[in-house]
Amino acid sequence: SADVAGAVIDGAGLGFDVLKTVLEALGNVKRKIAVGIDNESGKTWTAMNTYFRSGTSDIVLPHKVAHGKALLYNGQKNRGPVATGVVGVIAYSMSDGNTLAVLFSVPYDYNWYSNWWNVRVYKGQKRADQRMYEELYYHRSPFRGDNGWHSRGLGYGLKSRGFMNSSGHAILEIHVTKA
């Protein structure tokens with residue numbers, strides 16, 4: 001099946017079943033995430049980078065994501081007996097010259113933290129880094145991973161709709177569409 005992290009699939013095929021398949025491929029890991037981002041923006045996206053605040057991925061970001069396609073990606077806590085989650089930001093350059101950034105946060109300790117996610121368009125090309133992480137996590141009204149759908153205008157003629165569950169085995173599904 002092509003429903004593996006690092007693949008690009010038809011956007012219409014993105015859903016919970018696909019993301020569960022991506023998640024299960026990570027095996028028995030306490031904190032992990034499957035990410036699916038559907039490109040209905042009318043633009044082509046080119047991978048820039050992933051910045052991990054904690055955790056890692058063995059997957060290379062899909063390089064090109066055409067309009068009508070969706071990228072699949074995953075992340076997991078660092079291997080070994082370390083008390084970390086998987087927290088990071090994905091950055092894609094869009095064919096209009098701007099950057100699509102997606103934050104995901106799956107904490108280790110649910111007594112203190114919750115799942116969070118965010119999506120934003122930055123003017124110009126910006127690689128994901130610590131500053132972008134801090135802005136998306138602390139200052140740009142992130143959404144809680146609360147098992148519900150959330151929508152937001154992104155500017156630049158775009159809007160987003162996304163869902164994240166509250167589990168340590170997290171799924172994050174985002175659709176970026178024309179406004």
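From the backbone N, Cα and C atoms, a Cβ is placed for every residue, glycine too.
Copied from Swiss-Prot, the annotated features are:
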REGION    1-29  region 'N-terminal alpha-helix that contributes to the pore'
BINDING   Arg31, Arg79, Gly168  N-(acyl)-sphingosylphosphocholine 1 binding site
BINDING   Tyr51, Arg53, Tyr138  N-acetyl-D-glucosamine 6-sulfate binding site
BINDING   Arg53, Ser54, Gly85, Tyr108, Tyr113  N-(acyl)-sphingosylphosphocholine 2 binding site
REGION    105-120  region 'Trp-rich region, which is important for the binding to lipid membrane'
BINDING   Ser114, Arg144  N-(acyl)-sphingosylphosphocholine 5 binding site
BINDING   Trp116, Tyr137  N-(acyl)-sphingosylphosphocholine 3 binding site
BINDING   Tyr133, Tyr138  N-(acyl)-sphingosylphosphocholine 4 binding site
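What Swiss-Prot annotates, mapped onto the structure for a quick look.
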residue : record                                           : Cβ contacts under 8 Å, 6 or more apart
Arg31   : N-(acyl)-sphingosylphosphocholine 1 binding site : Gly55, Gln76, Lys77, Thr84, Gly85, Val86, Val106, Pro107, Tyr108, Gly168
Tyr51   : N-acetyl-D-glucosamine 6-sulfate binding site    : Gly88, Val89, Ala91, Arg127, Ala128, Asp129, Gln130, Met132, Tyr133
Arg53   : N-acetyl-D-glucosamine 6-sulfate binding site    : Val87, Gly88, Val89, Ser105, Gln130, Tyr133
Arg79   : N-(acyl)-sphingosylphosphocholine 1 binding site : none
Trp116  : N-(acyl)-sphingosylphosphocholine 3 binding site : Leu103, Phe104, Ser105, Tyr137, Pro142, Phe143, Arg144, Gly145, Met164
Tyr138  : N-acetyl-D-glucosamine 6-sulfate binding site    : none
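For the region 'N-terminal alpha-helix that contributes to the pore' (1-29), the predicted model reports an average pLDDT of 88.
Among the binding-site residues Gly85, Gly168, the residue whose Cβ has the fewest other Cβ atoms within 10 Å is Gly168.
In this structure, the C-alpha atom of Ser114 (N-(acyl)-sphingosylphosphocholine 5 binding site) lies 15 angstrom from that of Ser54 (N-(acyl)-sphingosylphosphocholine 2 binding site).
Annotated N-(acyl)-sphingosylphosphocholine 2 site Arg53, Ser54, Gly85, Tyr108, Tyr113; additional same-chain residues within 8 Å of its Cβ mean position, judged by their own Cβ, are Arg31, Gly55, Lys77, Thr84, Val86, Val87, Ser105, Val106, Pro107, Asp109.
The DSSP breakdown of the region 'Trp-rich region, which is important for the binding to lipid membrane' (105-120), given as helix, strand and coil counts, is 0 helix, 7 strand, 9 coil.
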